[in-house]
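Only one structure is covered here, and it is reproduced in the block below.
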Amino acid sequence: MAAIWTLSFYLVWPACLALTPPAELPHPHNLPPELGLNRSDGSLSVDLPLALRVFSVDYHHVQAPFEIVLWIMLASLAKLGFHWSGRVPAVVPESCLLIMVGLLVGGVIYGVRHSAPPTLSADAFFLFLLPPIVLDAGYFLPGRLFFENLGTILWYAVLGTLWNVLGIGLSLYGVCLLAPDSLGDLSLLHCLLFGSLIAAVDPVAVLSVFQEMHVNDQLHILVFGESLLNDAVTVVLYKLFESFLRLPSVSGLDVFLGGCRVVVVGLGGLFVGLFFGLVAALTSRFTSRAQVIAPLFVFLYSYLSYLTSEMLHLSGIMAIVTCAVTMKQYVEANVSERSNTSIQYFLKMWSSVSETLIFIFLGVSTIQDVHMWSWPFVCSTLLLCLVWRASGVLLLTAVVNKLRRNTVTFRDQFIIAYGGLRGAICFSLVFLIDDFPKKRLFITTTIVVILFTVFVQGMTIKPLVELLDVKRKKRALPTVSEEIHSRLIDHLLAGIEDVVGYWGQHYWKDKFEQFNRKYLRRFLIREDNQASSSILRVYQELERREQRGDEEAPSIVDPRSHSRPLLPEEMDSIRRILSRNLQNFNNKQTPAYSRHTLHQDANRDRVRKSLHRHQSLGERYTFTQVEEAEFSGSHRARKGLSRSHTVCSISPLAVLQEPSVPAASARTTILTSSPAAREEQSAAQHQTSVGGATKKQLSFVLENEKQQ
């Protein structure tokens, strides 16, 4: 806390120096004696000092970077103090404590300067602080879970956002009509504009709470994916209503064009991100001789996709998420393990600093003189945000559960509805509104909604999860066996869907994997980095996942084992041995085939002998199939073996030992369906044994295919 107070002083003192009134600045006529007038016309001219200065202060030269470093230092120390504060993290979320630190710093600045503290500008938020957070979320997005629940996520993000925006906007317009004295000057478009910004669910606030609770994967991906795509939809709707406000009148054609614009903005951002993601993957293919700069391309292409989308008035959030998801698997295969580690840690550090700065500036920006209070408007907005989100989640889930195999339970629905936390997205959007008489009311209401959702809902959602006994996340990392069985099930389900003619998610996933393996991986990944074995790729993916620590909790270790930890050299040796053995094992086996690439049989031109089998168990008949076989010492090699044709016969070794038994009768297989016939067969075989001296052995022998 002493360090935080010290940094607060350093933040207040430069701000006071920066706002020195012009009257207090030194006038040229009041210069020191060593600085005089040296021009003949009497004009002012400042000479250099007569003596050399040993010490001087020039704060204005370093003001901007100095204050930025101080703010980042304050945010980092606040985050560090939070994690060393004992039991506080178990009760208070990190976002709440950071906002409280911001309120404290803002109050100190306001008390010293007697003016509003600096606020977080919308440009600084959308251009510098938001992209690292979205890039981190997209790069470490669990792809399997996200695409399996993509339909439900889009259902919540698109239709749910439209439901909230229209419901809150129209309801607030009704409140304004009921209170014409104080709210009569608010139009319908103003209410819809405010509804579009207040419906933005902030992924920063949601992630900071849900990552601490370790909820189950399905619930986490639904809330996270909905909040991530919800921002893209709300920003597009906000800009649409803002354009409507600037028009003299809005016609039906304008509404139609506005709907087309929403589609173009979303799809345009998607294609921009896809293009830059493929370019980044292709660039990383040629970084083998300059691995030091390989991580730089990940950040540059991602940020360039965001800036390009913003320049073209497209969805920057959609662009940077698509770029991160597209390039991840190819970049990880091209760059070295050290470069992968650098990418992961830099993204986590960058996003963590951005989140901390956002929450601190939320608290600082609350202390200002632009507030306007209206009890009907503020209370109605707070109530309507809760009601419309809860009703939207219940109605949309009732529809989507009819199409899902794993339905969303009522407990999960409650957490989804209760987890709609607001944050910096709506706070930055409200400052972008053009000046009009009720703008200060919108700012005050937005701050109240943010503080209520972060403090009240954010602090009570964890006890509610424990009270409702919501399913938690699996703490241990998946094993190679689990991943292989999971892929086997996916392959079987894709085959079943193909057989029955149903084009489901497994069918399209299998089609994409085939296209990716056949074209994209060959073009975007270096040949020396393409793993020849799919098992080896699974092992490498699990190893990278363990290194970057996707799971917060460590793997389960038996406390009774007291073996020493392995050295890094031993771990590297084990990895090399395992990788080499997996490759050798894969090369020794028969080439695997799938339904796309069937194994070509070398003997496909040969005509197979038909296998006669009994038709039913009820029919009582005996069919005898006799096949001549030659058993000579060195000529027992079988050609054209068929795994599907096996018979139960007497061992050839026993036949060779008993010359009295004919070879043809020894290879005779009697297929019968009645117990009496089987008994007669056993008695006949018993009679052919000579004195019982030699014992006959039964074995399964592969039947030779007879050549034509």
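Just so you know, glycine gets a Cβ as well, placed from its N, Cα and C.
Of all ranges given (43-67, 218-242, 343-367), TrEMBL attaches the label transmembrane segment to 343-367. Against the transmembrane segment (343-367), stretch 413-433 shows more Cβ pairs under 8 Å than any other of 153-175, 261-283, 373-401, 413-433. Through the fold, the transmembrane segment (124-141) approaches residues 203-204, 207, 224, 228, 298-299, 302-303, 306-307, 310, 316-317, 320-325, 328, 343-344, 347-348, 350-351, 353-355, 357-358, 424-425, 428, 548, 550 of its own chain, all at least 6 residues removed from its boundaries and within a Cβ separation under 8 Å. At the 8 Å Cβ threshold, with sequence separation of at least 6, the transmembrane segment (153-175) comes into contact with the transmembrane segment (373-401) through 3 or more pairs.
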